[in-house]
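Accompanying notes for the structure given below.
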Amino acid sequence: MARIGDSGDLLKCSFCGKSQTQVKKLIAGPGVYICDECIDLCNEIIEEELADADDVQLDELPKPVEIREFLEGYVIGQDTAKRTLAVAVYNHYKRIQAGEKGRDSKREPVELAKSNILMLGPTGCGKTYLAQTLAKMLNVPFAIADATALTEAGYVGEDVENILLKLIQAADYDVKRAETGIIYIDEVDKIARKSENPSITRDVSGEGVQQALLKILEGTQASVPPQGGRKHPHQEFIQIDTTNVLFIVAGAFAGLDKIIYERIGKRGLGFGAEVRSKAEIDTTDHFADVMPEDLIKFGLIPEFIGRLPVIASVINLDMESLVKILSEPKNALVKQYTWLFEMDGVELEFTNDALEAVADQAIHRGTGARGLRAIMEEVLLPVMYDIPSRDDVAKVVVTKETVQDNVLPTIVPRKPSRTERRDKSA
C-alpha cells in the first residue's frame, strides 16, 4: 500500500502522489489507491475521446439530395419545403464542423452565422413530421415545444429555458450532444402581438415571449434548471450553449395570406378578382410570396424575424397526396392497420375507392393528414372489436360504402382445414 512517512498513518494516491489529507476521497484497490481528482481527470479524458468518436465527419454528413430522398420515404408532397429544409440543415451542420476545423487550423476562420428556420402552413400538412424525420435521419437529439405554454420570466407559465431542458432530456443529459440538437417550436403564430404597433402594456404571452426567445435563438450560454420549473437561487443549473442548436419554429399563420395579397395587389372578391376553383385555392402556396413586412404586420417583432432567415412553406394536401399518405410511406396507416390485423391472423384490404373516400372526409373535416387516423379508427372499430374473438375470418375488405355510409366491411370467411372437415364428417 502506498503510504507517506515512517508512521504509516497517511495513505497517498498511487497516481498523483497526493496524501489523504490533500484530497476529498481516496478509494482503495488491491494494493493501490486513487483519489477523486484523478478519477475526475480520467472521466474527462474518456468523455473527450467519446465525443470525438461521436462527431459526424463532413464526408459522412448527408448531402441535400440525400436528405430530400430520405424525407421522400416518410413525407408525401411538400417538395419545396423538403428542398429548403435539406439545404438549411446541411449548411447548419457544415457550419458546426467548419467551426471545429477552424479551431484546429492556423488559418483564421470565417465566422458563419446560424440560419434558423420558420415554417408556415396549415395544420395537418406535415410541418412537425418533417422536423421529426430530419432529426431521425441525422441521429441528433430532438425536442418539441409549444409556444402557447410559454410566458415571460416572472409570470405564471413556462420559462423559455424549459425548452432547452426538453432537449437535454432527449440527449439523456449529455449537454455536449444536446448542443448540436434540433428544437421544434410549434404554434409560434399564437405568440404574435395583438397589434402591429409596439404595446404600451406588457404582453407576457405574446411579444414578451418573442423577446425572451431572442437570445437562445441567436446563441447564448443559458442556465437551465435541471428539474424544470422556475429558477431559484439555491439550485444548481445546467449550462448549455445554444449557438449550434438548430431552431425550427412553425405555425399555421391563419390570416397571413390576406396580408400578403393586400401587399401584392391580388384580390379574392369583387370585380377584378382572380377566378379559381376551390381545389386550386386549397392547394395554392399562399405563403410563397411572404416578406418580413408581412410577418411584422401579422404580429411578429422585427428582431424575432431577423433570427429566422430561412422560410419554408407547406401547402394544403389534395386528395391524391392524402391517398398516397395512407398507403405509400414506410409507416403508412394502411400498413400499420394491416399489421394489426395480421397479428390476429386476418388479412385486411382497402379498395382504391375506400382510400379516396377516407381522403375526401379528411379534406371536408379540414384536419389534413392528422385527421386520417381518426377516420380509419371510426371505420375499423366494429371489426377490430369482433375479430379477435372469432376464428372463422380470413379477410376483411373495406369499401367506399364502408367509409361513406357506415356499412360494415365485407368479411371473407376462412375455409375450414382438412382436419376440421374430417371432424365435421365424423
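For all residues, glycine too, the Cβ spot is worked out from N, Cα and C.
What Swiss-Prot annotates here:
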- 1-54: domain 'ClpX-type ZB' (DOMAIN)
- Cys13, Cys16, Cys35, Cys38: Zn(2+) binding site (BINDING)
- Pro122, Thr123, Gly124, Cys125, Gly126, Lys127, Thr128, Tyr129: ATP binding site (BINDING)
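Distribution of Swiss-Prot features across the structure.
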| residue | record | CB count, 10 Å |
| --- | --- | --- |
| Cys13 | Zn(2+) binding site | 22 |
| Cys35 | Zn(2+) binding site | 24 |
| Pro122 | ATP binding site | 19 |
| Thr123 | ATP binding site | 18 |
| Gly124 | ATP binding site | 22 |
| Cys125 | ATP binding site | 24 |
| Gly126 | ATP binding site | 27 |
| Lys127 | ATP binding site | 24 |
| Thr128 | ATP binding site | 17 |
| Tyr129 | ATP binding site | 19 |
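Under the DSSP three-state reduction, Cys16 (Zn(2+) binding site) is assigned to coil, being neither helix nor strand. Taking only the Cα positions, the spacing between Cys35 (Zn(2+) binding site) and Pro122 (ATP binding site) is 59 angstrom.
Neighbour counts of Cβ atoms within 10 Å were compared for the binding-site residues Cys16, Cys38, and the top value is held by Cys38. Across the fold, the C-alpha of Gly126 (ATP binding site) and the C-alpha of Cys38 (Zn(2+) binding site) stand 51 Å from each other. Residues Ser14, Phe15, Gly17, Lys18, Val23, Leu26, Tyr33, Ile34, Asp36, Glu37, Ile39 surround the recorded Zn(2+) site, their Cβ atoms falling within 8 Å of the Cβ centroid of Cys13, Cys16, Cys35, Cys38, which are themselves excluded. Put simply, Thr128 (ATP binding site) is 46 Å from Cys38 (Zn(2+) binding site) when counted between their Cα atoms. Same-chain residues that are not part of Pro122, Thr123, Gly124, Cys125, Gly126, Lys127, Thr128, Tyr129 yet have a Cβ within 8 Å of the Cβ center of the ATP site turn out to be Gly121, Val314, Gly368, Ala369, Arg370.
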